[in-house]
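Here is what TrEMBL says about this protein:
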- His125: active site, pros-phosphohistidine intermediate (ACT_SITE)
- Lys10, Phe58, Arg91, Thr97, Arg108, Asn122: ATP binding site (BINDING)
- 2-148: domain 'Nucleoside diphosphate kinase-like' (DOMAIN)
Amino acid sequence: MVQQTLILIKPDGLKKSLTGNILSRLSETKLEIAAAKVVKVSRKLAEEHYSELKDKPFFEDLLKYIQGEFHGRRKVIAMVYHGEDAIKKVRQLAGATNPEEADPTSIRGSYGRITTSGVYENAIHASSSEKDAEREIKLWFKPEEIIFHIYPVKEVTRHNVKELDWE
Ligand code: DAT
Ligand code: MG
């Protein structure tokens, strides 16, 4: 099944100069990059991205982490990967959520850590289901930023400028 998945290289991955290594590992999947950009993560975007975890005790730290507050740089690299079984392939390569439990050959197993205050610094985000992938991709990207449109789009007129938006 052709799928798309949202991948984020999180602030610890950027701080540790892991972008090249992570992209090399991702290229093992033979999936295609359908979109990529550097994003300054607002609190609103962080809250929406992690909305399902809002009742967890670690939610506030998670927001700080993804906004780069623990790594002195307010940015992440956001990408959409496209291809056969993209979600499962990237999740497998990323490894388990808890970096101490992740397979040591996975990205999180290789590069992640749990800080003494309990933050899971696991270097990468990868969508975990088709439903999550669609929600996350639409949250992080505009249709025109993505090469392949697997979700329907519509044309809208804003301030007399025509552009695509999610239907
Ligand atoms: P995943 O990122 O593998 O999809 P998730 O969606 O359950 O995992 O959680 C999102 C992020 O929240 C995860 O990457 C790290 C953090 N997190 C999850 N469980 C945690 C915990 N028990 N303690 C601290 N951080 C946690
Ligand atoms: Mg998740």
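Keep in mind that glycine also has a Cβ here, set from the backbone N, Cα and C atoms.
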Candidate with sparsest Cβ neighbourhood (10 Å radius) among Lys10, Arg91, Arg108, His125, the listed recorded positions: Arg91
Separation of alpha carbons, His125 (active site, pros-phosphohistidine intermediate) and Thr97 (ATP binding site) (Å): 9
Integer Å distance between the CA atoms belonging to the residue listed as 'active site, pros-phosphohistidine intermediate' and Phe58 (ATP binding site): 16
Distance, Lys10 (ATP binding site) to His125 (active site, pros-phosphohistidine intermediate) (CA atoms, angstrom): 7
Neighbour count (Cβ, 10 Å) for Thr97 (ATP binding site): 13
Listed binding-site residues adjacent to ligand 1, that is, members of Lys10, Arg108, Asn122 whose C-beta is under 6 A away: Asn122
Those residues of the chain, 6+ apart, with a Cβ under 8 Å from that of Asn122 (ATP binding site): Lys10, Asp12, Ala94, Gly95, Thr97, Asn98, Pro99, Ala102, Arg108, Gly112
DSSP-derived helix, strand and coil totals, residue by residue, for the domain 'Nucleoside diphosphate kinase-like' (2-148): 60 helix, 32 strand, 55 coil
